[in-house]
Amino acid sequence: MREEKPVIVALDYPEQAAALSMADQLDPEKCRVKVGKELFTRAGPAVVDALHRRGFEVFLDLKFHDIPNTTAKAVRAAAELGVWMVNVHASGGRRMMEAARNELDQVNGSRTLLIAVTVLTSMERQDLADIGLDIEPLEHVKRLALLTQNSGLDGVVCSAQEVTPLRELVEPDFQLVTPGIRPADADVGDQKRIMTPGKAIIAGSTHLVIGRPITKASVPVEALERIQQEVLAAR
Ligand SMILES: O=c1ccn([C@@H]2O[C@H](COP(=O)(O)O)[C@@H](O)[C@H]2O)c(=O)[nH]1
């Protein structure tokens, strides 16, 4: 089924006021927002609450990676905040992901989606070699995506470059959430495995996570509008 709001704006700000000022320029009917480690560590659950009151669906991107019990309880805490999506690191392993899935299923009325990060989009082959993995990112992403699906989660975070091969491996409703999105004229920054918004949609990404190309633009709403147009044209 076609996702009506594929764009997730990453609110990577050092304080709540700046994040909410950006959110107030966005339409919750047209995009979702993401709260990550910097903003959540500064502002805590209050910022999630403030975004919910504005009508936004929130992806709480805290990438939990710990022993099964700790990760499961953290996922429960996120679900109890009412977030739309939360994530863990797939490299925490099957038992960790299954524990998180089971815990989430016990939260009354929760519809929170649980996904897992495969290989960060800032990493390339050399970065994997540095941590002892002599393998192409795609091969590791495939392995972790299958493990994630078999552990009962709803999807993965991966690069849009991996979406086409992953679509052949996973179920059609498995979410493929892709950061590392860069319009053709945007700064790449620290991202390595990137793709343009239009190409990511054509490849089959379910959601595009986009931060600095919007938040650091001279007029963020205009940057978002150009991205939304590119996404629409690609459908
Ligand atoms: O593999 C990953 C996982 C998460 N992210 C997050 O997405 C945004 C991307 O921001 P940009 O400014 O568009 O680069 C950011 O919040 C990351 O923490 C990711 O980039 N890659």
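Placement of Cβ uses the backbone N, Cα and C atoms for every residue, glycine included.
In TrEMBL this protein carries:
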| type | residues | note |
| --- | --- | --- |
| DOMAIN | 6-227 | domain 'Orotidine 5'-phosphate decarboxylase' |
| BINDING | ASP12, LYS34, 61-70, THR121, ARG182, GLN191, 211-212 | substrate binding site |
| ACT_SITE | ASP61 | active site, for OMPdecase activity |
| ACT_SITE | LYS63 | active site, proton donor |
| ACT_SITE | LYS63 | active site, for OMPdecase activity |
| ACT_SITE | ASP66 | active site, for OMPdecase activity |
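Within the same chain, residues at least six positions away from ASP12 (substrate binding site) with a Cβ under 8 Å of its Cβ are GLY36, GLU38, LEU39, GLY211, ARG212, THR215. In this structure, none of the recorded positions from LEU62, LYS63, HIS65, ASP66, PRO68 has a C-beta falling under 6 Å of any atom of ligand 1. In this structure, ASP66 is the one among the active-site residues ASP61, ASP66 with the smallest number of other Cβ atoms inside 10 Å of its Cβ.
Under the DSSP three-state reduction, PRO68 (substrate binding site) is assigned to helix.
Of all Cβ atoms in the protein chains displayed, 16 besides its own lie within 10 Å of the Cβ of the residue listed as 'active site, proton donor'. The secondary structure of GLY211 (substrate binding site), as reduced to three states from DSSP, is coil rather than helix or strand.
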